[in-house]
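See structure below.
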């Protein structure tokens, strides 16, 4: 397959990112509130970091996607993969309070491009190199490999010591960057591409407008110009489908934000979860997600279509969040995390729908815009969920 080297890169990079979360909660609480299970300061710290990451990603992902359309996807994919190495190296060296603060600061900046950038540019790479009829399967497989990597990363965290977790993460990220630079074939780049495949460019002063028929007018700037905010709005308004995908991406990101850091601290305080409990819960979720994305998505898409899959996955996601929100016993989150076999199809279905609205040389910008919208929702999530989580400790 033309994408086999991309699959390896995605697996190694996502393994490195997901071996860390089961341990980072205990490290954060230990650094900020030693010998305590409940730590409001840790929740606010993590919420603040999530908001900054969301703001940075909202600005960086469309730019990274746009530059990958111009200069090639391999060149830009190197940036988030390489950036993910540094935070793990810091905690591999030490996990005292000073090292934690150093990690916190560095992760806040590198996470702007690495946390969502790897997925965004990988999807753009796959979408630009696969025919439209096979695109949904390719995107589902890329997402499924990411979930499988998350599964193995979380499984490794279950058995590795805390010190070894960050060493393994640093090594995996480094190997991913080296492997990608050696084996992954460069693709994309308007400088080298066929002029017949060039997108419609916007001249200075030209306003975007809706296009008729089944083809949407694609709007970007030439590679000699810096990406402007109006170009993003023009692209998202170029078709009704893209506009609706933007709204869905925002609302989905807002909901997902509530299941990230605040939820982990809720489990730790209320149900006395630790690193091992977190790892098991994540293992179940990632296993279900990998099965759904690798096996169900390619088979269901030709029968149901991406729109029906998107609707079904959003319903499953709602049920999952509802059950988690009323968890009354330790076993409840374990059972609820079986639902991601359907719920985790939301992103690949949405990304596949978006990919069909633009040409091969605009995949990076389109995927970056949708990822940026989701990141913007993550800015708002901590403002909503962090105070609610802290208040729940007192009820």
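Any Cβ shown, glycine's included, is placed from N, Cα and C.
Feature list (source: TrEMBL):
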- 41-63: transmembrane segment (TRANSMEM)
- 75-94: transmembrane segment (TRANSMEM)
- 138-157: transmembrane segment (TRANSMEM)
- 163-184: transmembrane segment (TRANSMEM)
- 232-254: transmembrane segment (TRANSMEM)
- 278-296: transmembrane segment (TRANSMEM)
- 308-328: transmembrane segment (TRANSMEM)
Stretch in 138-157, 163-184, 278-296, 308-328 most in contact with the transmembrane segment (232-254), if contact is a CB pair under 8 A: 308-328
Proximity verdict for the transmembrane segment (163-184) and the transmembrane segment (75-94), three or more C-beta pairs under 8 Å: yes
Stretch with greatest number of CB pairs under 8 Å, the transmembrane segment (278-296) reference, 41-63, 75-94, 138-157, 308-328 candidates: 138-157
